[in-house]
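According to TrEMBL, the transmembrane segment annotation covers 18-39, 51-73, 80-98, 104-125, 137-158, 213-234, 297-317, 339-357, 369-388, 394-416, 428-450, 456-479. For 489-509, the entry in TrEMBL reads region 'Disordered'.
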């Protein structure tokens, strides 16, 4: 279902592509386990609910910081792969160390390390796939983000058999506190603490929890990921103790492609590759004045509007998954707690399903069209949720629909924006950072609004955010039309000069 050129490029880059996909599985595995296991971790650390929820903040804040810093490691392939190896190995170590953390501060520090690793993975994996496939990157980015959803679905399923059915700190008040556990646990899914100040659980007593086994299982499941990155480092002769002066042998097809151009063409191609490699920086390098010389206003506008679209859509993912349970159990719906607990799982399941469906769809449909369908679908879904706000059935239907429309927004938006900028500029870093900020900020904003205005404001906020996402996307389309077309007359130092795509698709060192 794809042409021979893309298929040949995929075969030439099979190992690095599969490695980046597997690393994103680590990201997904680590992003969704905290919500369901937080009450057992509260027991393990013998802390209060208000204290343990700071672990959420430490992970989310450092994830954002890691996303900003991830571009630092893009300068060479070796730096990128070593950063991915360290990050994926750190996630396995975090899973193994969490059962040993009996202090909430130590647990917060460990989760901060996990957040930094996740942020680096997020930026570097997206960036490297865009570098390899460029104009063909949309389908591979869709597959990359499918593995996030797969990991996010798998980790709660692993943890579920080991979660405590009753309060895991046994004391005189255990019987009264245990009746609140299902409500509290579901309000923590997947990664937002919500408002828990009115719950009182015992802090002293005998700790009874088996959640350690879940973390050790996840550590073992994740262990093949850093091994896969190590094998890629070994293949590229980048492991110091295994390094040799000889380069890996080329296959017959690759050898033909390498020897086909003339010497003059080789020099030209090398210059183009060096220029293309400079198009992705960390957030701080992007802000340096040297990157602004000769840039048109549309160059900045594309970066900003693209980041704002993802600020809204990823923020909707965070706030909806974090508060849909709390909305469902309150008036006027008053859904039974056990039934409402399926809503976040349904939302993430359809995000994963949507990302799987988007893999073949993205090959036939342009990224700009996919983003348009996504933002319009989100807006219409929230409108219908508001109209049928008294229908429990439509709440489940709308949750599934919202998951489908939001599923492919990030990879489609990334492919579209990079295509506009001709793989120059800092689109990947800026978009990843904007999405991370949106997820963190909109969760806090919606949480405070629901606390002050009631549960109905949850849908109103979603409608407003969806409308803003559509508006920013309309501005992006406008700036795309205004953006300078590729021209040989553009100055070489200008950020608006397009990078010429490497048609051979070689995996550059």
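Cβ coordinates are placed from backbone N, Cα and C, and glycine is handled just like the others.
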Interface present between the transmembrane segment (80-98) and the transmembrane segment (213-234) (three or more C-beta pairs under 8 A): yes
Would you mind listing the long-range same-chain contacts of the transmembrane segment (18-39), meaning Cβ under 8 Å and 6+ residues beyond its ends? 52-53, 55-56, 59, 84, 87-88, 91-92, 94-95, 111, 114, 117-118, 121-122, 125, 128-129, 143-145, 147-156, 158-160, 163-164, 168, 181, 184-185, 188-193, 201, 211, 214-215, 218, 221-222, 224-225, 228-229, 231-232, 348
The transmembrane segment (80-98) touching the transmembrane segment (369-388) per 3+ Cβ pairs under 8 Å rule: no
Six or more residues beyond either end and a Cβ under 8 Å away: which residues meet both conditions relative to the transmembrane segment (339-357)? 32, 142, 145-146, 148-150, 152-153, 156, 182, 185-186, 189-190, 317, 320-321, 324-325, 328-329, 395-396, 399-408, 411
Residues outside the transmembrane segment (297-317) whose C-beta sits under 8 Å from one of its C-beta atoms, at least 6 past its ends, are 351, 371, 374-375, 378, 402, 406, 409-410, 413, 416-417, 420-421, 425-427, 430-431, 433-439, 441-443, 462, 465-466, 468-469, 472-473, 475-476, 479-480, 482-484, 495-496
What stretch of 51-73, 80-98, 428-450, 456-479 shows the most Cβ pairs under 8 Å to the transmembrane segment (104-125)? 51-73
Under 8 Å between C-beta atoms and at least six residues away from its ends: which parts of the chain pack against the transmembrane segment (456-479)? 298, 301-302, 305-306, 308-309, 312-313, 315-316, 319-320, 323-324, 326-327, 368, 371-372, 375-376, 378-379, 381-383, 385-386, 389, 417, 442, 445-446, 449-450
Folded-back contacts onto the transmembrane segment (428-450), same chain, C-beta under 8 angstroms, at least six residues removed: 60-61, 63-64, 67-68, 70-71, 119, 122-123, 126-127, 130, 192, 194-195, 280-283, 286, 303, 306-308, 310-319, 322-323, 326-327, 410, 413-414, 417-418, 457-458, 461, 465
